[in-house]
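These notes concern the structure reproduced below.
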Amino acid sequence: MERSTNARHSTLSSWTRESNTLSVLSKDVSLEDAKEYWKDCQADGKVDWIFEKLLNKLKILWQKIKDGSATNLEYVRAVILVNEAEQLEEDTETLHTDIQKENKVQENTDCAPERKEDSCADLNSDCETDVSGSECEHEDHSTVSPPATGAVCFGKHLCGPSCLSDINPSLLKKENPLNLPVSCDFQRWRVKTNGSEYPPHILYKAPCGRSLRDSDEVHSYLTETGCHFLGVDNFSFSTQVQLESHLSIKQEIVQDCDISNDVESVPVSLSNEIDDTRPTNFIYRKTSWPPGYSINNFTDIFVKCCSCTDGCLDISTCSCLQLTAQAFEKFTDSSLGIGPLGYKHKRLQEPVPTGLYECNLSCKCDRTLCQNRVVQHGLQLRLQVFKTDTKGWGVRCLDDVDNGTFVCIYAGRILIRTADSSVKTTLEDSVACGNEAKEDNGSTSTLMLSKRKRKPSHSDSEVTVMHLTPYSMRSLGLSVHRQSNTLSLTHLRSGGREISLEPFRRPKTKTSMLQKRRRQLIEEGACTVHNSSEEEGPTPPQSPKQKFNAGRKIHRNENSDETASGYVSEESSSSVISGGHPSEKPTCRTKSKLNKMTPHLSTSPEQTCEEDLHFLDASKEGNVGRFLNHSCCPNLFVQHVFVDTHQKSFPWVAFFTNSVVKAGTELTWDYNYVIGTAPDQEIQCLCGQQTCKHKIV
């Protein structure tokens with residue numbers, strides 16, 4: 001009993017000290033100073049935000065008082081708040097006029113511009129006047145998780161890990177990635193300066209009150225605080241991007257919350273508001289299989305790696321950024337003054353024709369803070385596969401997406417074959433077990449694939465397209481070295497759709513000779529390639545020597561330099577690795593009439609040799625990228641990115657936005673089909689754009 005009495009007296013003494021301190025503080029603040037302070041806050045548009053934050057603090061304190069988990073200091077503060085509330089109620093009539101001018105009374109103060117002196121122990125208030133004379137619209141469109149600390153005064157500080165110590169990353173849901181900072185108690189304001197001709201801009205407020213005006217400041221803040229649950233690409237400074245924009249869906253006949261079955265870190269939903277059909281069954285793959293480095297016998301996986309500590313921002317020290325710049329400079333006219341292209345704050349504003357080299361597994365840079373790791377992090381946006389009115393299945397975004405944002409990759413099975421000048425009409429079947437591929441009757445002219453014909457009623461998501469030049473080098477003012485050998489093309493195929501990738505060549509090596517020998521062993525029956533699981537490799541055959549069925553053809557003109565590629569039929573079992581079986585040694589070509597048709601990006605302007613053709617087949621295995629439709633005015637562009645290997649034949653095919661995309665908009669890209677190239681295969685384009693070319697294949 002005596003201990004309880006002593007403790008109660010001690011607590012009452014603390015209350016008295018707190019009350020006395022508050023009284024002294026109130027005496028030091030004059031009415032004129034208070035009115036001037038609130039005028040500044042009103043002009044800066046901070047009143048609403050301060051009261052919203054105050055309400056969050058009060059709710060937490062309220063809950064702690066109810067469940068008995070409050071600390072002694074929090075009990076004291078609760079009593080002080082109650083006393084002040086009673087006093088405020090008594091003085092309401094007297095101060096009504098003054099309070100009405102200031103709009104509302106607030107508790108928190110903005111952090112001072114100089115914040116490099118004190119430690120960051122208090123995480124609540126704001127007192128920064130960097131947007132004085134402006135109007136702010138606070139964009140808090142989701143439930144904010146407030147700090148667990150009570151309402152305490154804020155002092156100048158040096159930002160560090162303690163600024164975000166109260167954020168629990170495990171509680172963050174898989175939602176709009178641009179909404180994650182708001183869920184972590186950041187505030188997003190739309191700021192417009194009064195009487196200024198400048199347009200509105202976006203301003204972020206960190207939980208400790210620090211203002212973040214652009215992506216550079218965001219990166220600095222995340223680096224100083226050691227934040228590993230937010231990236232600079234989670235922040236958008238575009239006024240066109242609205243965090244509260246969401247897609248409103250009508251009555252769904254068929255729906256699926258995640259067609260990836262938890263393969264992707266973010267669910268890929270499916271919605272059909274038109275009929276009761278579903279997409280054809282396929283195996284969902286997060287990335288293409290097999291990895292490029294395994295096809296290359298694990299040789300020359302990475303040319304260089306870095307050990308940056310600044311987030312890989314300095315091209316003079318980052319080896320990976322230098323690889324991108326060096327490849328780009330080989331095809332750039334230095335007199336044009338075009339600087340190296342690449343990621344800027346984890347966004348890509350325009351395509352890099354020579355490819356991007358991301359930091360790899362051998363690099364020692366921080367995976368979260370590194371600005372040169374984007375595609376390898378996988379799908380981050382909330383995408384939905386939906387049934388369109390006229391084009392079959394398509395893909396749309398469920399939230400606003402900023403310009404230059406990575407959307408997804410095009411994943412599938414990598415198929416290999418050899419284009420041998422001695423083989424005029426046949427190709428090795430992709431299945432070693434002897435599955436017959438249906439022979440295709442149609443043929444095309446030089447450099448065109450022999451494709452099976454499609455009815456005009458088929459959707460864009462099912463059409464076949466030949467994509468010769470994914471990037472317009474002329475639009476970038478580049479001087480392109482045309483490749484002499486153009487027999488080999490790399491293609492993507494989704495259903496019946498094929499996408500040509502610009503090939504990257506290098507001279508024949510010992511590795512390629514070993515690969516040739518392996519293919520000969522497969523042909524002779526010494527080993528086979530199965531397509532049952534990812535872990536399986538070449539295994540001894542169960543039967544004697546088998547011949548491969550020639551279900552696909554290379555069509556060759558009379559000119560030996562002009563060779564056409566064969567089309568892998570959708571009905572064939574084409575979801576495994578397949579190789580060629582050359583009967584004579586490939587020859588290097590330095591001149592070809594095909595140069596006039598297709599500009600190629602090569603690793604060097606010197607002579608190049610024929611190598612294997614690599615096909616990315618998404619007909620039976622793939623990801624959400626296989627559902628992307630064509631548009632003559634697309635909102636996506638294609639970019640080659642080297643992630644798991646620097647071998648030129650195996651880039652990842654990534655899609656990035658070329659503008660701000662609003663929630664519910666279908667995501668499309670241009671197949672780049674040149675009208676008249678394959679007139680027999682052309683069908684009507686249904687993109688509906690004003691610049692529509694009316695024909696695709």
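Glycine is treated like the rest: Cβ placed from N, Cα and C.
Per Swiss-Prot, the feature domain 'MBD' maps to 172-242; the stated evidence is sequence analysis. As annotated by Swiss-Prot, domain 'Pre-SET' applies to 304-378. Per Swiss-Prot, the feature Zn(2+) 1 binding site maps to Cys306, Cys308, Cys312, Cys318; the stated evidence is similarity to another entry. The feature Zn(2+) 3 binding site is assigned by Swiss-Prot to Cys312, Cys359, Cys365, Cys370, with similarity to another entry given as support. Under the heading domain 'SET', Swiss-Prot lists 381-672, citing sequence analysis as support. The feature S-adenosyl-L-methionine binding site is assigned by Swiss-Prot to Lys391, Gly392, Trp393, Arg626, Asn629, His630. The compositional bias 'Low complexity' annotation in Swiss-Prot covers 565-581. According to Swiss-Prot, the Zn(2+) 4 binding site annotation covers Cys632, Cys685, Cys687, Cys692, on the basis of similarity to another entry.
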Worksheet entry | Other same-chain residues whose Cβ falls within 8 Å of the Cβ centroid of Cys632, Cys685, Cys687, Cys692, the recorded Zn(2+) 4 site, in sequence order | His630, Ser631, Cys633, Leu686, Gly688, Gln689, Thr691, Lys693, His694, Ile696
Item to complete: Determine the mean pLDDT over the domain 'SET' (381-672), rounding to the nearest whole number.
Response: 56
Discussion item. Taking only the residues the record lists as binding S-adenosyl-L-methionine, namely Lys391, Gly392, Trp393, Arg626, Asn629, His630, what is the largest Cα to Cα distance between any two of them, in Å to the nearest whole number?
Written reply: 14
Item to complete: Using Cys365 (Zn(2+) 3 binding site) as the reference point, find which of the binding-site residues Cys308, Cys312, Gly392, Cys632 has the shortest Cα-to-Cα distance to it.
Response: Cys308
Discussion item. Can you give me the Cα-Cα distance between Cys318 (Zn(2+) 1 binding site) and Cys359 (Zn(2+) 3 binding site) in Å, rounded to a whole number?
Written reply: 9
Worksheet item: Tally of helix, strand and coil residues over the domain 'MBD' (172-242) according to DSSP?
Response: 21 helix, 14 strand, 36 coil
Worksheet item: Can you name the binding-site residues among Cys308, Cys370, Cys687, Cys692 whose CA is within 10 A of the CA of Asn629 (S-adenosyl-L-methionine binding site)?
Response: Cys687
Worksheet entry | Site with most surrounding Cβ atoms, counting all protein chains shown within 10 Å, from the binding-site residues Cys312, Cys692 | Cys312
Worksheet item: From the Cα of Cys687 (Zn(2+) 4 binding site) across to the Cα of Gly392 (S-adenosyl-L-methionine binding site), what is the distance in angstrom?
Response: 12
Worksheet item: Can you tell me how far the Cα of Cys308 (Zn(2+) 1 binding site) sits from the Cα of Cys370 (Zn(2+) 3 binding site), in Å?
Response: 8
Item to complete: Count, for each of the binding-site residues Cys308, Cys632, the other C-beta atoms lying within 10 angstroms of its own C-beta, and report the residue with the smallest count.
Response: Cys632
Discussion item. Below 8 Å Cβ to Cβ and six or more residues apart, same chain only. Which residues does that give for Cys306 (Zn(2+) 1 binding site)?
Written reply: Cys312, Thr317, Cys318, Ser319, Cys320, Leu321, Cys359, Cys363, Lys364, Cys365
